[in-house]
Each structure stands twice: as structure tokens, then as C-alpha cells.
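One structure below.
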Amino acid sequence: MTFYISSSLTPTHFSKPLNPSNTLFPSQFRGSLSSFVRRRKPTEAKLSSKFNLFPSRRNGLITCCSTSSFESTESSVSQEEDAESNRLFEKLRETERERLSNMEELERKANVQLERQLVMASDWSRTLLTMRGKLKGTEWDPETSHRINFSDFMKLLDSNSVQYMEYSNYGQTISVILPYYKDGEPLGEEEDSKKEIIFRRHIVDRMPIDGWNDVWKKLHQQIVNVEVFNVDVVPAEVYTTVATFVVWSMRLALFVSLYVWIDSITRPIYAKLIPCDLGTPTKKIRQPLKRQALGSLGKSRAKFISAEEKTGVTFDDFAGQEYIKRELQEIVRILKNDEEFQNKGIYCPKGVLLHGPPGTGKTLLAKAIAGEAGLPFFAANGTDFVEMFVGVAASRVKDLFASSRSYAPSIIFIDEIDAIGSKRGGPDIGGGGAEREQGLLQILTEMDGFKVTTSQVLVIGATNRLDILDPALLRKGRFDKIIRVGLPSKDGRLAILKVHARNKFFRSEDEKEELLQEVAENTEDFTGAELQNVLNEAGILTARKDLDYIGREELLEALKRQKGTFETGQEDSTEVPEELKLRLAYREAAVAVLACYLPDQYRPISETDINSIRSQPNMRYSETSGRVFARKSDYVNSIIRACAPRVVEEEMFGIENLCWISAKSTLEASQRAEFLILQTGMTAFGKAYYRNQRDLVPNLVPKLEALRDEYMRFAVEKCSSILQEYQSALEEITDVLLEKGEIKADEIWNIYNTAPRIPQKPVRPVDEYGALIYAGRWGIHGVSLPGRVTFSPGNIGFATFGAPRPMETQIISDDTWKLVDEIWDKKVEEIKAEAVIQIEEEKKKPQILMATHFF
């Protein structure tokens, strides 16, 4: 083995690698090294000393001694030199081995990098050629052809006819690429080189789940060469160099520059075409999360409650309407195949619909069923089904019913079902309305469709709007029972209060019973939720006052808070100017006088003040229990009372000095008159019900205005007459308000009963038929002169005398009638005078006597 030594002993200076078979080991090298040392010259010694080959003797000198001493010295030196040389060459051998392994690793990585670059270049070239259509019909870009069965694919594998395969969707879909002649004939056993060959892709249809095992067994028998690249390991093994970094940086810079240039050109164009699409981009989620989100759109969002779970709510928590509890408990027993109903041919209803005002306990009943039925329970909301994507509502409904049938017998509860069960063909038919209707149709199909299912699933729906639900959803066979959960009665309210008063502290049971009885009497038309809130508010007030028990004062205060009429008296007072204070005093005094003259038995007055500046009167009323059954006189009296602020301000300050504090009084009076005419059916306008003026045909609008003006005329005149009659009471109440700032109901009644009265002329009553007759006539001549009777289209019986245009109307006032009478009388007098003149002229003319006169 020949090797060269340079100025320093490093592995990189060997021109040829060491060969272990030709290397001199210490046992073979010992003798030659000793003789070499003995025979070397001083120059060689200097050379060896320079290169540190023999460090143990580099400072020593070779001297001549006696034979015995020289031999012993030579023997010891030879042993030291042999040991040192062994260490030296062992170090050289390890260093050379490390260098060779590093070179082999570098060469392997370079080959891997080159191979990856070649593969990438071939892939890019193949992709570009495919995009340009150069590889159309080859094995890289085959033509799409018909599907083949899995059995045919296995026959191809058995005959070793499969050369190319593709798989996608994680191996769930496989395709086989087969060669064909261009004229469409398949290749035979002997290939014709003159004909052109094309490749076609055939997707394998209906592949079994475990079909890959058979496919791989067949393919492994035909594999000739397999090349596997671990895409996660190979890039990590390739060393990044400066050149690679520079090249990829240039590529990235070129790509970014190209993107910015294209964006700068196209953005103004898109800004003009689609200006709404260029907003701030939203944060994008990762692709797997996107796929997961899109895949979960069709899944049901209903909350599942197993048979063993408890909701914390039982039927004991629902009080007031015991018959509803009995109905639902009986339905649950039928659903669970109770022995009482098994042999009687009774089937469980498919659906139960709970409807009623908000807060009456519909959702509470569903929670109680979920807690006590002992059956799987699915709770959903009507808004959970509809999304912005088409088909999501139907898919979620289908998934909900499929899940419930897998747990049958089970219960589905859909709260606010009107969100998806509204009538079809409404104003929201486009867009989201069509998607909602698809969900509704799926519910109809699942509840009672063509497909018959034996799984017992009970659907419970809850809604506040039964009137807007689709009739197909309400028919028997879908919702077999429709139960109204209405407002509780007095006994029901007492039972509800007892349920919610379990954890409340009262002084004694007798006092508790008495207070709850009083609250139940004063809370007519209260729902269960409102009663619960009353007791909770009373508990808050008790804690605020640092009391141990709930008392009557706290309950009444909580009741006022619930009704929205509670005032603490600690509100900030506003500075009221003297002139405005006088106006407020007259306004409140007028309202008080009218309330005493025309009392409202359902709203007795309580007190009033002038401490707050509002457009509405400050009069406060006492609430009475019971329902209000208003008569026509009550409506008319309310119209008169509403006119009091405007009338008193006009009489006291003049029509030129009106201000905003009485602005809403005439508006309120006009609205009440319109309500009386349109919605009560108590007037000559007719018994038909109209929600507002927009429901009227054009011919009836003038009649409504005429009748409303007639009621407003009567209300203003009557209110003015009452205030003039009780002028002294009005002034006295005003003085009390200016002095004290407030006045109670007892003092108001005392002043009203003791004040002197000034009699007034009776007010002309309301003439409903006269107002309707005058309304709609056309012009003076049409009224005064006789003519033909014509009927307005769409309004049978509406007659106008000589009216050429019945659609146009004009109201004739009393002054106009007086003017018509004057014109008529004047015209008659003129005609009479002309007749008298003509007669006198006739008398003055000479008479011609005929001959016959003498005979």
C-alpha cells in the first residue's frame, strides 16, 4: 500500500485511500522500522523530527556505547516506537474510514437530489404537455370511457392485461387504463404496429369494501420494479446550498412580482364590475377544517339526552293546567308499550303540538318529558335546520329522524317549529324561503310519508303562532294532538306561585298562603314565567332591604315592577319653567276634571303631578283585577277624555299660543275614534273588521274620514262644555298643583264634588248617518239639483244625485248648505219678480177689437 505524507497528517492530504489488506500492521512493521531507525542518516532524522513521526526520540541523540548497553537500549526504544506507531496508524485508519463514509454519504445525497430534480423536471414537463394537450390519449392523459364492473376488472388482472392503474379518494375509487386502437377496437394478443394506439380510463364500479385485498394479491404477482419515495424524508436528506437558496428565492420573487402585476391590472376591472367583492378578506381556515365544516353542514344539531340522563325538571315543576300533564304522561306510556294499551289496538300518536302565548310553559313541559319519560330525547330548534346552503335543511331533518329511529322508541322536540313549518307560498318564497320549504317537505315526509317505518318516534312541537303553520303539517297523522297551553286561571296561578315559592322564605305558612292568594287575584293574564319573575323580584327586594322574610310590601312592589308602572319617587326632578309649569297644571287639572265627569271603572285615577315634562299627561291610575268589557259609550268617553289637554290649552292660552305638550292628545283621540269605527263594528260604518285604513277600498276612505271627523267634533265640543261647566274646579285643582306640585285622587274628588257648576247648552250628538250621507257627494249642483241615481263600483248602495264622477268626493258643510239655500231663494225671488214684470207689461199693451166683438 503506497500513500503520501504531507506537511500535516490530516485525512484530506492522502492522495489514495488506505487499503486494509495492504497496510503494514505493527507486528509486520516492527523489524523494518527498527532497521530503518538504525540506518537513517542525520538528515533523515531531522526530517522525521520535522514531521513528528517519532516524537519519543526527536530531542535525543544516537551515541555509541558498549554492546550490551546498546542492545538493551535498542530493545526498549524499539518497544516504545512500536507502541507509538500502532497508535499513530490506528488513528490514521479511523480517520480515513470516516472520510470514506462521509464521501459515500455525500455522493448518495447528491444522487438523491439529482434523482428528485429529474423526477420533478419530468413531472413538470409532463404536466405542461398535458395542459397543452400533447399527451392526450397516452397513458399519462387517457381519455375518459365507460365504467366497468369489479368482476371485469378482476378478469383483466387474471389475464395480466393491467399495465396502468389510478386510485383516488384514499383508495376508495380506482381506475384502470387500457390500450385501444384509435379506430376503437381493443388490442388483441398480437399487436399491430401499423395501427395507432390510444389509452382510455375506466372507473371500476361497485368495488367491495374489502376488494383491495384481492387487487393487491393480483398486482403483486405482476410487479416488475417498485420505486418508493418517502416525501417526508427525502427533502430533509438533501443539503440546502447557497445556490439552491438563491434559485428558489428568485423563483419566489418572480412569482410574487407576477401576482402583484396581474392584481394591479385586474383589480380596477373587478372593482367596476363587482364592487362588493373587494372587501377585506376573511381569515381562511385550513383545508381539512373546511372539508370537515362542509361535511358537517348536513348533520343534525339537535341535543341528545339519553334515557338515563336527567334535565333537573319534572312534571311537579309544571302547575296550573293538570289536564295537559295527564295527556302527555298518557302519550309517553303508550310510546313505551305499556301493558294497559298493548292489547287494545291503540297506536301512539305521531306528533303533539303545543301552542299558546309566550311564557306559558311549553318548553318547560318538554324538559319535564325529557327528565321523566326514561326515553332517548332529541331537542332541536326550528332555526337549527335552515342555512344559507341549499339542501342543508332537508339533510338535517333527515339525519335527525334517522338518529331518533336508531334509538326508538324516542322523542323529538322541535321548539319554535314555526321557523321551519310556516305556510308555503308566502312572501319569502325566494332564496331562504325555498330552502325552508325543502326542510318542511322533508318533515312532512318523515312524519307521514310513503315509506312506512315501524320505529316509534314521537314528535313534540312548540310554537306561539299556530295560525301561520302549514295545513299539511297540522293534519291528523302528523300532529294527532294539538294542545293549547293557555294562560292559567286563578287556581292555576296560585299553584304556579306555590311551586316557585318553595325555596322562598315567608314568616309563616298562613301568611305565605294569604300573600300568594292576593298575588294570584291581582295577576290576571299573567303567564307562569311572569309569576316566577314576580317572586324572584320580591326576593331581590327582600335581600336589598336586608330582611329575613318576604312581606306584602315587597310582593306588591315586585308586582308593580312586573307591570311596568313602578316608580320609586327618587327619580331626578327636572327644572320646570313657570310658564310651562302653568301649562302643565292646567293640563293635569283638565285631565282630572274629565276623569271625574266621565270616570273609567276599569282605571280609577290615583294621583297626578307637574314634576315631569312629557307630551303625555302625568296622571297615574290604579290597576283593577278582572277583564275589561268596554261598551261603545266607554270608547266615546275615552275619546272625549283624550281631547282634554288640547281643549284646555286652546281655551286658556289661545289657538295662537299652543305648544307641544298637548300635541299627542289629538293624535290619541283620533286613533281611538278610528279604532271604534274600524275594529269594533259598533258604528254606522258597518260590522266588518278592518285592521287599519289601508284595508279599505278607496270609496270607503272618505266615509271613514267623515265619520271620524264627526266623532272628533262631538268630543271637542263635549270636552269644552265640561271644562266650562266645571271652570271653578279646574282653577282650584290648578292652584293646588302650582302650590304643592301634586294632588291625590281623594282631594280631586272632593274639589270636583264641592265646586260650583255653570250650566251649559247641550252638545249636538253624533250624527253617524248624516256624516256618511254627506260624505262622497260631488259638488254643489249634484246635491241641490235632482238627477239620476248612480252606484259607485264596489260599494252597493252608495248613491250620488247627478254625480258625473262618483269616485271623487267632497264633504258639504252646513255653511255651504246655507249658501245653497240663499242662492236658491234669491233665484226664486228673481224669477218671481221677472214674472210680475211680464204680467204688468202684458196688461199695458192695447187690445185689438175684432168684428166679432160687436156681434
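From the backbone N, Cα and C atoms, a Cβ is placed for every residue, glycine too.
Quick look at what Swiss-Prot lists:
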TRANSIT   1-78  transit peptide
TRANSMEM  242-262  transmembrane segment
BINDING   GLY356, PRO357, PRO358, GLY359, THR360, GLY361, LYS362, THR363  ATP binding site
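Taking every protein chain shown into account, GLY356, PRO357, PRO358, GLY361 are the binding-site residues, and of these the Cβ with the most other Cβ atoms within 10 Å belongs to GLY361.
The ATP site, placed at the center of the C-beta atoms of GLY356, PRO357, PRO358, GLY359, THR360, GLY361, LYS362, THR363, has further neighbours from the same chain whose C-beta lies within 8 angstroms: ALA462, ASN464, VAL485, THR527, GLY528, ALA529. Within 10 Å of the Cβ of THR360 (ATP binding site) there are 24 other Cβ atoms, across all protein chains. Within the group of binding-site residues (GLY359, LYS362, THR363), the Cβ with the highest number of other Cβ atoms inside 10 Å belongs to LYS362.
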